[in-house]
Amino acid sequence: WALMLVLSVAIYGSHAPLLTLCKVDGAIPFSSTSVVILVELTKLLLSLLSLLTWNPELQRATVSWRHVVPFALSALLYAANNNLVVHMQLFMDPSTFQVLSNLKIVSTALLYSFFLHQRLRTCQWLALFLLVAAGVSYSWGGLWEPGSPSGMQLHITLPGLFLISVYCLISGLSAVYTEAILKTQPLPLSLQNLFLYFFGVLLNLIGSLWSSTEAGFLEGFSFWVLVVVVSQAVNGLITSVVMKHSTNITRLFIISCSILVNALLSVALFSLQLTSLFFLAVLCIGLAVHLYYG
């Protein structure tokens, strides 16, 4: 568990720096849709390999359409959220999105408590709000590029505020709904992943064909893009293990702790500087861990 959680923190934290390494002349040279499809396909193949190799209980598993259909809704929710992220860029800048997207911690915790009937203590709620504060502090200005203007202003419109609210709601709903399916079905996790990622590949392929461009599917791909695909696929499989055998709250702590990895890589690779807001975020995360698990 310790190795798996540390690996997940490292992958979450390295995602943004890896995307920066993929840029050519300051722009992302590949199709984000192609990357999403390849990530889902990689997870599907790894789940199939795991199912055929390490699941002797598969012979005793009884599968019906009632086990398969719920994963279609889960994949649809994830696909809807991915598309919302793209459309929100029309109504707010990326920095504003990074700040406000931390509200999905609250929405996930509320839905987790309501739908899964998990009552959280007052100190645990305080810990989760500290995670929100940590995310906002880091997104607001935890890193500073020498020569750039200090401070950040939020740029958001009323439609953007509505979309970020919907995004946080769907993000929490998809995570809690998937956790409920994984825990209530008496099936091996690899088989459940197979259903989920099959629908993930299918829906993203349909979306890709619907909004197809003349650019090639693998145009702009490089070694770093391959690293992104593999790392995100591995992290997706780890996340399913966390949801099956732990909780979405653990996933929230993993994402928040990834701030540390993101900051260290940004300083080492891009010569960014840490600010007081970064250390405030670290303090909030430390207090949150102590309050929730201590």
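We count from 1, first residue shown onward.
Each residue, glycine too, has its Cβ placed from N, Cα and C.
The shown structure was predicted, so the numbers you read here are calculated from the model rather than taken from an experiment.
Taken from TrEMBL, the feature transmembrane segment applies to 32-51 (among others). Long-range contacts of the transmembrane segment (32-51) within the same chain: residues 58, 82, 86, 188, 190-191, 193-194, 197-198, 200-201, 204-205, 207-208, 211, 217-218, 221, 225, 228-230, 232-234, 236-237, each at least 6 residues beyond the stretch ends and with a Cβ under 8 Å from a Cβ of the stretch.
Among the features that TrEMBL reports, transmembrane segment is placed at 63-79 (among others).
Counting only same-chain residues 6+ beyond the ends of the transmembrane segment (99-116), those with a CB under 8 A from a CB of the stretch are 92, 125, 128-129, 131-132, 135-136, 139-140, 154, 156, 164-165, 167-169, 171-173, 175-177, 179-180, 247-249, 252, 256. The transmembrane segment annotation in TrEMBL covers 99-116 (among others).
Long-range Cβ contacts of the transmembrane segment (123-141) within its own chain (Cβ-Cβ under 8 Å, at least 6 residues beyond either end) map to 95, 98-99, 101-103, 105-106, 109, 150-152, 249, 252-253, 256, 259, 263, 275, 277-278, 280-282, 284-285, 287-292. Feature annotation from TrEMBL assigns transmembrane segment to 123-141 (among others).
The transmembrane segment annotation in TrEMBL covers 161-182 (among others).
If one looks beyond the transmembrane segment (194-211) by at least 6 residues along the same chain, the residues whose Cβ comes under 8 Å of a Cβ in the stretch are 33-34, 36-37, 40-41, 43-44, 47-48, 51, 67-68, 71-72, 74-76, 78-79, 82-83, 178, 236, 240. Positions annotated as transmembrane segment by TrEMBL: 194-211 (among others).
When Cβ-Cβ distances below 8 Å are used as the criterion, the transmembrane segment (223-242) is approached by residues 4-5, 7-8, 11-12, 14-15, 18-19, 21-22, 30, 35, 38-39, 42-43, 46-47, 178, 182, 189, 192-193, 196-197, 250-251, 254 of the same chain, each at least six residues removed from its ends. The annotation transmembrane segment is assigned in TrEMBL to 223-242 (among others).
Look at TrEMBL and you will find 249-270 (among others) tagged as transmembrane segment.
Annotation comment: TrEMBL describes 276-293 (among others) as transmembrane segment.
When Cβ-Cβ distances below 8 Å are used as the criterion, the transmembrane segment (161-182) is approached by residues 70-71, 73-74, 77-78, 80-81, 84-85, 87-88, 91-92, 97, 100-101, 103-104, 106-112, 115-116, 189, 192, 196, 240, 243-244, 247-248, 251 of the same chain, each at least six residues removed from its ends.
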